[in-house]
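These notes concern the structure reproduced below.
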């Protein structure tokens, strides 16, 4: 068994939507990023890579590379999952928490779960996506950005 933990944060910028868990959510701002800014999938990718001791997404998809400019984070997550499989591990479960004052996440949580389950090749009952606010405290509470935490549990695949 392996456990991985990931964290990501992106600041708000001009825009009219954010992408979280591969779901486009209308909002008064976008997220500043080299890729599509999906903090949920970035935190999850870091958790998966950490669990198999391969570092972080910045190592594989550097923001200094034009190759990854505007990248679809679902594609990045699928690439990370392939590396996890190549290391001989499979997902037991995923638990994530989006930290944001806005936009409201509840209407979009199920679609996020389904996207993640599809990209990881696991049943949806192994994927948890939760959301919380910081009661208007800190940078997320002031509406300056969105953060996400992710934890994964992996098990060795029988050869």
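Even glycines carry a Cβ here, placed using N, Cα and C.
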Among 34, 42, 59, which residue does Swiss-Prot annotate as binding divalent metal cation at the site that also has 8, 10?
42
Please work out the number of neighbouring Cβ atoms within 10 Å of the Cβ of residue 104 (4-CDP-2-C-methyl-D-erythritol 2-phosphate binding site), leaving out its own Cβ.
12
Under a three-state reading of DSSP, tell me whether residue 57 (4-CDP-2-C-methyl-D-erythritol 2-phosphate binding site) is helix, strand or coil.
helix
May I have the list of same-chain residues other than 8, 10, 42 whose Cβ is within 8 Å of the Cβ centroid of the recorded divalent metal cation site, in sequence order?
9, 31, 33, 37, 38, 39, 40, 43, 146, 147, 148
Run through the Cβ atoms and count how many others sit within 10 Å of the one on residue 57 (4-CDP-2-C-methyl-D-erythritol 2-phosphate binding site).
26
Collapsed DSSP category at residue 42 (divalent metal cation binding site):
helix
